[in-house]
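Notes follow the structure.
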Amino acid sequence: MFTGLVEELGVVKHSKKTGHTISLSIQADRIMEDIKIGDSIAVNGACLTVTSFNKGWFTVDVMPNTFYDTTLQHLKNGQSVNLERAMLANGRFGGHFVSGHVDCTGTILSTENIENSTLVEIRIPEDKVHLTMEKGSITIDGTSLTIFKTTANSIFVSLIPHTSIVSIIGHKRKGDLVNIEFDLLAKYFHSLMARSKEPLIKTESKLNASFLKENGFF
C-alpha cells in the first residue's frame, strides 16, 4: 500500500526487454536507505518488487500484465521516474490509499499555467469516468492528486509548484501518456453496487422488537 506522495525522482539506468517483460535498473538515493530484496516500490504508480540492488541502484521486473496496462513499456534509459516505498504502518498518511495497481493509461490533452498552478486535462476511457468525481482523489503516475473537474471523457487536475518540481507530471506535455489508478473506495463501491441484486435501501434489518422478544432479551 502506498500514499501517492512521491519520495524522489529516480533515473532509469538500464532496461532489458524480453518479450512482454522488462527488467529495469533504476538509480536512486533516498529509496536506497533501507532497501531489501522483496520490497515493494511504486515506479510511476506501478507496484514492483525489488529483485536485486547495489550501491545507488535497484532492479525490478515488469511482468506481462503490468507491461500491457502501464506506460512502463515505453521507458528509455535516462528517463526520470516517480518512486515511493510502501507505507509504514506507524508512518504519517498524507495522500490517499494507493494500491499500486494501475487501472489504465490516460493521454494529456492540454496543460495551462494559471497564476501559481498548472491545470492539466487528461483523457481517460469513457467506461472509467464513473469512478471519478470533482474533489475526489486520483493517482497519476503514482502522484496523489485531487480532481478539479470532470467531463464525459476527461478529468482536470491542478498542480501546485511543489508537485511540478518533485514529480514527473510537471514535465509532461500534450500527447504524453500517464498511468492512472482510480480511488480504491470508488472502485469498491461500484463493484459492490454492480454485484448487488437488490437495492441496498430495500434491505430490512432482522433486528427488531419481535426478534428480541422471541429470543428472550425482554
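The backbone N, Cα and C atoms fix where each Cβ goes, glycine too.
These figures come from a predicted structure and were not determined experimentally.
Across the domain 'Lumazine-binding' (1-96), mean pLDDT in this model comes to 94. According to TrEMBL, the domain 'Lumazine-binding' annotation covers 1-96 (among others).
The repeat 'Lumazine-binding' annotation in TrEMBL covers 1-96 (among others).
Annotated domain 'Lumazine-binding' per TrEMBL: 97-193 (among others), in sequence order.
As annotated by TrEMBL, repeat 'Lumazine-binding' applies to 97-193 (among others). Taken through DSSP, the repeat 'Lumazine-binding' (97-193) splits into 26 helix, 43 strand, 28 coil.
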